[in-house]
Amino acid sequence: MTATKEESQKLLTSLRSQRDNKVCFDCGAKNPTWSSTTFGIYLCLDCSAAHRNMGVHISFVRSTVLDSWTYAQLRVMRVGGNENARNYFKRHGGVSLLNSKDCRLKYSSKTAKQYLEKLKSLAVEDEANYPDILDMDFLSNTHEGSSAADTTNEDDDFFSAWDKASVKKSDDNLDDKTDLASTSSSVVVESGEKDEPVVVTEEKTMVSPPSRPDSTSTTKSKTSSISSARARPIRASSRPTASKLGASRPQKLGIKKANADIDFDEFEKAVLSSESAPTKKPAAVASKESTVDTLVDNGVEEVKESTSTTVQGKPVKPVLKSAASAKSTKSDDSNLNANFARLGFGQFAAASNARAKAAAKARELKKNEVNAPTYARDHFASQKSISSDQYFGRGSFDPEAAAEAQERLSSFRDATAISSKSYFGEEEDENEEGESSHRPDSAYLRDIAETATEDIEAIKVAIHQGAEKLSDFIQKVGARYNF
């Protein structure tokens, strides 16, 4: 039985307003206006054409806007839908079929046939439970079920799951930082040279932005690190315990979060001071280095200083230099320059060298152009074309013959016409000229008469042919118009 237009439009509009029904089941295009009444799914125009090509025995396509619907078809659309079809395929081993582009394989499979049987049973139950096809309780229950599924199943929405995971992770980090802020640990490290203990205090990690460390503690740490031997401070674990104080946590592979108390200003000052230190040398250090250099040149193996020289209030360790160390320093400098060049430093010098090479090559090309031979321009400048034999003076080319021909042609510069005998310098036969000039008039007239006779015969033939064509044309016209 066919439903009215108002009933079908009201029901289909409500069904198409659901989230999963707003996209095509096959390709995901938005706002589908076609549907497969066999499977209760919504399709776009292109996918509906593919379903129509499969045949009505597999999928029967109807328009949700223009076509008329039966109550049985509307029941299938009520209990079906894109979400129900997709979930059924996933639960019954049809995930690969959902991703397949072969519609005939997808909708002729065993899973699709089982889904058709399921739709038929659901349609019968729906008709028994809701006799009125426009019963809104069915739609409200459907909306409530879909909303509950959205709230419980977090894996369906990838982006919401990602946001929730990140929020949870940030909360855990805040808890860790709060626990760490409540406790602080200090570790005593003894220096290698002196018995004075150096206290390395671990700063508190707070949730608020990190504060810059005090200048006094920084100065103290620098002085202790310079005066003492190389001693590595022991960092306490992020969660110190009473039983294992100062024990290091097992290292883990992966990405580690940087500490929040990094002071980049201190790093910059240290780099600038290290760069400016070689440029500003005290007189004592300069004299000491000059003395060491002279001793190295004389072949002294080692130079030891008994007293340490104080530079800018900092103790300087004894300097030990030898000839081998000087050579190694020079080799290290050369290797360093090569490494810097390989990394890209010094590109301007390479560019200048390339420009110098290009300029030298251009000068060489210009010099070659100046020294190029001018034989072709001197000998063949006025000619339009030349041959290879003529250019190289070989084969059948004879320069003397060519010069003679040029002279012969120059003698006929003002002549309007020339003969072959006059060109090659042969004497003309006077008898032939006399006979041609003294021919009798009768022979001349005879030639004219013969020529005229032939022309007259040709004219007669042409006139006869024209008359025949004209008569044929007149007969055809008379036969066509009956006159």
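Each residue, glycine too, has its Cβ placed from N, Cα and C.
The compositional bias 'Basic and acidic residues' annotation in Swiss-Prot covers 169-179 (among others).
If you look up Swiss-Prot, you'll see 191-205 (among others) marked as compositional bias 'Basic and acidic residues'.
What Swiss-Prot lists as compositional bias 'Low complexity' is 213-243.
Annotated compositional bias 'Acidic residues' per Swiss-Prot: 425-434, in sequence order.
The annotation domain 'Arf-GAP' is assigned in Swiss-Prot to 9-128.
Per Swiss-Prot, the feature region 'Disordered' maps to 169-250 (among others).
Taken from Swiss-Prot, the feature region 'Disordered' applies to 420-445 (among others).
The zinc finger annotation in Swiss-Prot covers 24-47. Note: the zinc finger (24-47) comprises 3 helix, 7 strand, 14 coil (DSSP; helix = H, G, I, strand = E, B).
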* Could you pull out which residues elsewhere in the chain have a CB under 8 Å from any CB of the zinc finger (24-47), counting only those six or more residues past its ends? => 12, 16, 58-65, 69, 73, 76-77, 79-82, 84-86, 103, 107, 112, 115-116, 119
* Within the domain 'Arf-GAP' (9-128), residues counted as helix, strand or coil by DSSP -> 68 helix, 12 strand, 40 coil
